[in-house]
Amino acid sequence: MSDISLGTSVAGIPEAAPRQPPALTTGPVAWVRANLFSSWLNTALTLVLAYFIVRYAIGFVDWAFVNAIWSVPNNQTQACRALKASATPGACWAVVTEKHRFILFGTYPYEEHWRPALVCVLFTALYIVSGMRRFWRKELALVWIATLVVIGILMWGGILGLSYVPQERWGGLPITLILATFGLAFAFPLSILVALGRRSSMPAVRVLCVAYVELIRGVPLISLLFMASVMFPLFLPEGINIDKLLRAQVAITLFAGAYLAEVVRGGLQALPKGQYEAADALGLSYWYKTGFIILPQALRLVIPPLVNTFIGFFKDTSLVLIIGIFDLLTAGKTAVVEPAWQGFGVEVYLAISVIYFCYCFAMSRYSQNLEAELNRHRGR
Amino acid sequence: MSAALDTETHLRSAVRTDAPPAILLDKVNKWYGAMHVLRDVSLQVATGERVVVCGPSGSGKSTMIRCINRLEQHQEGRIVVDGTELSDDVRALDAIRREVGMVFQSFNLFPHLTILENCTLAPIWVRRMPKREAEELAMHYLTRVKIPDQARKYPGQLSGGQQQRVAIARALCMKPKIMLFDEPTSALDPEMIKEVLDTMVGLAEDGMTMICVTHEMGFARQVADRVVFMDRGEVVEQGAPESLFNDPKTERLRTFLSQILRGH
C-alpha cells in the first residue's frame, strides 16, 4: 500500500510515506478489547451477559424449532398439549399451520381467499414501487388510483364474475393494510395543510388548525374509534348508514393527521428564516415558495419522526379490534378461541408479530436510506 | 479591507436625474415593539444611482433596505418603488419584488437545489420563462460572476465567496431594475471579500441602481454616487463619498469613521 503514493509527491516536495495506525487499534480484535474486555469489571459483565444470552437463545431455539410440532392431523391437539406439559416443552406451530388462512383473511369466504391474498400482494407491490425514486413521477398517482380500484373490486367483487363479499366478512391482513394505507395516504397531505395552516397569517385558519390538532390529540384513539362506531351513527338521519370500516378509517385518518401535522410543523420551524426571505425576495408566490423551497427541505428534516409516526400508526390500526373490526390481530385472537386450540396464543401472536415486524422494519430501513439519499446535498 | 478597491478612479456616474426616482422613502417610521428602529427616514434614489448605506450595528440600515421589498413592514410614511407604493396590496408587492433583487448577508441559497436550479427557479415560475431560456440566462450570469463550471453542484459544495456570487447571479436572473445588498461581505472570510466586491463593482459599471449596506469603505469610495450614514434609526448625514469621509459634519459620523479606520 505504501508504495503507491511514492513518487507522486506534488512539485518535488518529498512526501512522507503514509503511516498506518498501530496494529491492535483497529480491527475486530481491537474492538472487542476496547468494548468488552477493557477492565476486569467489563470482562465480568461480558461473561455474565454472554452466559445468559447463550442460555436463553438455546432455550428459545429448542422451544421454537427442535421440539416444535409443525402440524397435527384434524385438529388433534393432544400431541401439542402433551408436549406443552413435558419436561422439554416445544412450540405448537400446528395452530399457525392450521389457522393461517383464518388469521390472514378472517371470515372471508374460504374459496375466495385468493382475492384478499392478491390484495395483500398488490398493496405490498404498491409500497415497493412508490418507494423507488425512479418512479416518483406524476404517473405514480394514476398507478395508485388504478391499484386501489382493483383492490376494491377484488375485495367487494360483485362484478366481472366475482361473487359479492359484504364488508362485514372482510378480515385479517387486508383490513390492516387498508386501514394503514388509506389512513396515512389521506392523513399525510392533511397534516401538511394543517401544519401550514398553523403558521398562517390568517387568524381564522390558524385557530381552526390549532383547535383540530389539540382536540384530536387530546383524546385517546380508542375513544375516537368508539365515537366513530357508536355515537356518530346516532347523529345520522334514519336510514342512512355509513360503513363501519369507513367510519373507523376516518377516525384513524383524523388522528394520524393531527400527530403528523405536529411533526411537519417541527420541520417548518427548523428551517432558517433566510430561506423564506430569499423566496419572498425573488417574488415567489406563497404556494410556489411552499412547494419548491419550504416543504422539500422541511420534510427531509423530519423523515425520522415522520416514519416513526407512520410505524406507530401501522400498529395502532390494531385498536379497531375494540369496535369489532376484524384486522390481523383480531383474527389471530379469534383463531385461538376455538376450544381445540385454546392455550396456543403465544404461537399465534408470535406469528402475527413477525408479519407486523416485516412491514415496520421495512419502513424503518427504507427511511434510513431515503434520509441518506435526500440529504446528500448537505455533505461537501 | 480590500486594498484593490481603494483605487483612485471613481466610476462615472450613471445617475439619470430626468427619470422619476427609482426608490422614494418619505418619513418612514418603524418600531419593533416599543423600540423605535426607523425614525423619519427619508431617502430618494434616482435610476442608475449607487447608494452605499453605512452606520454602526443596530442603526437601522438593514431594516431600512429590508423595508424596500417589504421583508419588514414599515408602520408610518410612504415607500414608493419603481412608481408603485408599498401597501397591503399583494399584487403590487409581487410586482415590486420581481423588479427588486436582493442579496443577503448569509447568502440564503436553496441548499436542496443545484446552483443552476437556484438561478432558474424564479425566472421559470415567476417570469414564466421557458426552461431552456432560463438556463441560458442563468449560465450567462453565472459566467459573469465567474462560476459557470459549478452550475451542477449544490450550494454546500461551494465556498462562501462562490455562494455569495451565485446569490448575486440568482438575483440578476430576474433581470431586476434595482439591486439591494444587505451586508453582502460581512459573513465572508477576508480572502473571499474581494471576489464578491469585484462582482458588485462590475454590476455598478453597468449602471444598475443599487443600494448597498456595507462597511467596505473602499467599495463606497470607488462606486458610490452617494453615501448615507445612519445612526440610531436616523439618516444623520449623506453626500458624495469623498466629502463625507474627508469632511464629516457631525460628531456621530466622526466617531463612526474613527472606529472603522481603527478597526482596519
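The backbone N, Cα and C atoms fix where each Cβ goes, glycine too.
Taken from TrEMBL, the feature domain 'ABC transmembrane type-1' covers A:173-367.
According to TrEMBL, the transmembrane segment annotation covers A:40-58 (among others).
The transmembrane segment annotation in TrEMBL covers A:113-129 (among others). Remote same-chain residues near the transmembrane segment (A:113-129) are listed as 101, 104-105, 135, 140, 143-144, 147, 150-151, 154-155, 157, 162, 165, 170, 172-174, 177-178, 181, 362 (criterion: CB distance under 8 Å, separation of at least six residues from the stretch ends).
The transmembrane segment annotation in TrEMBL covers A:141-165 (among others).
Listed as Cβ neighbours of the transmembrane segment (A:177-197) (distance under 8 Å, sequence separation of 6 or more from its ends, same chain) are residues 119-120, 123, 126, 144, 151, 155, 205-206, 208-209, 212-213, 245, 248-249, 252-265, 268, 290, 295, 310, 313-314, 317, 320, 327. Annotation source TrEMBL lists transmembrane segment at A:177-197 (among others).
Taken from TrEMBL, the feature transmembrane segment covers A:218-236 (among others). The list of residues near the transmembrane segment (A:218-236) in space but at least 6 beyond its ends in sequence, with Cβ under 8 angstroms from a Cβ of it, reads 242, 244, 247-248, 250-252, 254-255, 316, 319-320, 322-324.
TrEMBL lists A:286-307 (among others) with the feature transmembrane segment. Taking Cβ pairs closer than 8 Å, the transmembrane segment (A:286-307) reaches residues 192, 196, 260, 263-264, 266-268, 270-271, 275-276, 278-280, 363-364, 366-367, 370-371, 374-375 in its own chain, all 6 or more past its ends.
Per TrEMBL, the feature transmembrane segment maps to A:319-336 (among others).
Residues annotated as transmembrane segment in TrEMBL: A:348-366 (among others).
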